[in-house]
Every structure is written in structure tokens, then in C-alpha cells.
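Copied from Swiss-Prot, the annotated features are:
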type	residues	note
ACT_SITE	253	active site
ACT_SITE	255	active site
ACT_SITE	260	active site
BINDING	160, 161, 162, 163, 164, 165, 166, 167	ATP binding site
COMPBIAS	44-65	compositional bias 'Low complexity'
DOMAIN	248-274	domain 'PLD phosphodiesterase 1'
DOMAIN	487-520	domain 'PLD phosphodiesterase 2'
REGION	27-65	region 'Disordered'
């Protein structure tokens, strides 16, 4: 009993992650202070809910003996994942019914068509006008779109981010929100941040909560500032881990920015470096209420589970009356979160591009542009390990495993430390694969102080070991790695692209907050979209975005690593704690 009670404290992965942030977390290192939280209720931390990925109320999928993800390839990190619906066990009745449209394909390409049905078995599908989709390239353009979105909004502004910075650009963004509230009496604002990161005090004695405090005080009836608190930080851990270190247990990591019916989805936070010289990815989906409403609902549900900023004491978080405390009622909190969020995962639900409601249709053939040969679909995915919601992990695993041999596959990951599942799927695949990650100089921790200064070298060792495994598995001619290197810039872009045979440009991209690592899978709240299209203009935009990221890169090979000197201490840290990075 004693060993079990002490296990969370001495768990080496948590200990190392905590030590890593002592002394700085990269270019935006700050000082810390303890956050005061008012909470009510009693309870204790329990194991996560063992319910399957989708609730019993969701439509079920006919079981096939052969899974699209071979059990020899798919690493199951938790027993509960065994209860999740395996991709490949979908019912083809949706594509082989007796209706007049049943013999038609969604996409002309066989792989795209099969992938469509696989993904629709795991959650809703949204038809989108491809002319309404654009990819942003520069951080400054990301910031300008945020400012412009705030200025244009008439009914809602919904933002989810890890945190809001405290520099001039962030203050200007909040100022524009105040002006927008003055101009539009019907406008409502909801901002969801991580409660631990959002109340951390910086060198300027400010935090996300204090920067937003005046906006909340002026318009408390129309402004909501939600602060998510992970239920995994409880008990002794809650008492002994100081601010900054406690963030390693789990955070709200979704990055979505909604302005009326426009959605800007990214991996970028609301911070100066993400507005200036930290390269990320950003997709803008305009005038598409169905997709915007879906992501707005994600934020609303998480917000309903979160603590809230006290307008009278801006760095203090309050628990709403009747709410479940994530700290003292951890198990109840997880069960409630699962129940609420799993309602989003409605399989075989199709939303037409011209729909002004949240109503879906029964068949994708009832949508508008299904017969023009250039249809475009978006599949949102969420990953919330603390609540046992693993939709993104399941579909990403399937994509890694199912990419056709004659396709071109591209992955970007700034912190390249794939889960063992993803790594095995990549190494046993056959398509040509190009990977881009950050060089040590482009790592966000480069130049920081304390143990965190070792982070770039830790990732360099992991990258070298990956290259060695590529060689050892005879994948040297198939898999290549590039490193992003740009003077005074850091790299934070995440996602992938797939270019199928007989296509000149990518037809598929994944973009959002997940990073393909164990932290994204197990600890944080994540969301992204899978975009599939045969529209030539949109494919060209996807190609341009991909090529832009590859512009400032250098080839990474084993010879390069022979020139990099890594201390024995760093090697020891990776040897002991590498699976957690």
C-alpha cells in the first residue's frame, strides 16, 4: 500500500520532466509564484474511466476479424484502448446501400475513398468549400489574422490556447477585444487557457489571468475566462510540486481561435514569440459554421469543467457552484469529462458545407459537392488521455499504417520523440517518407538555463538513434530527416501530409496541436483536423505550405551527429528518461 501511494512521486518520468523545467523553459522563461485556488468538495484520485472510446449511446460498428491495424504493429499503451473501436471495423453499408448514389465513390482515388469511410467510423465528417480554406505561413500573419478576426467579430470570439503572453502584442490583442465588446453589444468572448500556465507570474509580475482581468471586470456578463486544471495533479503531488514544475503533469494544449463562423486552427500559442520568430502551422477555414460550431462546442465543454478567473482577484481561480473539483474529486471529474466529451464523437455523421444548423445528414451523398470530383472533407479529432478519449491516437495510427506504398509521406514534429506505436508503424511502412524536425538551435529550450538547457541535446540523441534504427531496418533509402535551422528562429510546426499516386500535390494533411509524442497521447488535451481533398487549388496551397517549411532546413544524417558533442550526463538522462521527452 505504501509503495502504491508513493509511486506517483518517485515515478522517474515525472521526476525528470519536473527537473527539466527548473531554471528556464527556453526563450520565454519566467519566474513563478503559487496560484491560489478556491475549491469545494471532497474525494480522492482514482484510476481513469475504463469506458470505451465512444459511449454506448453512439452507433456501433460491425466487427471484422481482420483489423486495419495489425496487432503486431499497434502498441496498446493502456488496457482501455483495447475497448476502443478498431479502425477497419466500420460498416460498409454506408457506401454499398441500395440507393441510387450507393455505387458512387466519395473520392476518385481508392485510398482516399477508403480512408474517408474509416475516419467517418470514428467521428463526424464535415464537407467544406475548398475556396474557404487557406494556410498561413508567417507568424506575423498569424497575429494579424487574430487582430483582424477580433475586429470583425459580431457574435462570438472563442479562443483556446495553452496561455496568453504578457508582452506588447498580447496586450494589444486584448485591447482590440475591449473595443470589439464596446462596438457590439451582442458579442460574447470565451477564452480557455491552462490554469497552471495561465496563472504563472512572469518577470513583469503579470500572468495570462492578470492581463485578461480588466476585460473580465468590464464585461463580466459577456466574457468568460476558463482555466483548465488537470485531474492528474492531486493529492501529494498537488501539495509538493511548485508552479511551472506542476505543468509537466498535464495541460490544456488545444489551440483554436474562432471569430463568428471563421476558424483559425494552429499549434501556436498566444505569445510574442509565436507572433514573431517561432515557426508554426496555421489553417484558416472561413464562413463554415458547422466546423466552427464543433470546435466551439469542444471549448464550451472543457470550459464547463474548468475553473474560472475571479474578476476581483485576477490570479485566483474559482470553482463554479455545483461543479466537480478536479483536484479533490479526480475520478468523478474524469468520468464527467468523458461523458460530456464523448458526445462529440458521433460516427457516420455528415455535415453539408452550406448547412446553417448543427444538424447532420445520414449519408455523405446528401451533401452538396459530392459529385464534382473535387470534394473536400474535414475530420476533427481529439485526444484526451486523462479522460480515456483516444480518437486521435486511433486514427493517426491507422494513417501511419495504411499509407499506400506508392505515396509520398511527410511528417513534421519539432520535438521528435515518437511513441513506440508510431515509430514501429513508420519503420514497418513502405512509402517514401520525409521528416522535418528542429535542429538543436531551433529548439525552444536552446539557450535556457539549468537542466532544461540539456533538452536540445536530449532530442539530438533521440534523433540520432532514430536515424540509426532507420539504417538498421534497411530504410535508409526510404526515410530521410531534415532539420529546421534559421537564424534566431525556433520551430514548432506539427502534422503531416500525404501525396497519393498520380497526384502532383498532397491530398491529405493533419494540422493542430498534437505532437505524436507520449505527452500528447497520455497527458494533455489535444485537437486537430484531418483534411482530405481532391481540389487542385487547395492541394496547391497545401504544397506551398509544406515547401515553405522545408525551405530553411539541412539534411540530417549520422555523419552530422559525429560532429555534435554530447555530455555523458545528457546521455544518461536520455537513457533513463528518454521515453518521457
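Positions of Cβ are set from backbone N, Cα and C atoms, glycine also.
The average pLDDT computed over the domain 'PLD phosphodiesterase 2' (487-520) stands at 96. In this structure the C-alpha atoms belonging to residue 166 (ATP binding site) and residue 255 (active site) are separated by 18 Å. Outside the domain 'PLD phosphodiesterase 1' (248-274), and at least 6 residues removed from its termini, the chain residues within Cβ reach (under 8 Å) are 14, 17-18, 20-21, 27-28, 136, 139, 142, 145-146, 149-150, 152-165, 167-170, 173, 192-197, 228, 230, 232-233, 237, 241, 280-289, 291-292, 295-296, 298-299, 302, 306, 385-386, 490, 492-495, 511-513, 515, 520, 523-529. When the CA atoms are compared, the active-site residues lying within 10 A of residue 160 (ATP binding site) are 253, 255, out of the candidates 253, 255, 260. With respect to their backbone Cα atoms, residue 253 (active site) and residue 260 (active site) stand 22 Å from each other. Rounded to a whole number, the C-alpha distance linking residue 255 (active site) with residue 161 (ATP binding site) is 5 angstrom.
Looking at residue 161 (ATP binding site) and residue 260 (active site), their Cα atoms lie 18 Å from each other. Note: the CA-CA distance between residue 167 (ATP binding site) and residue 260 (active site) rounds to 26 Å.
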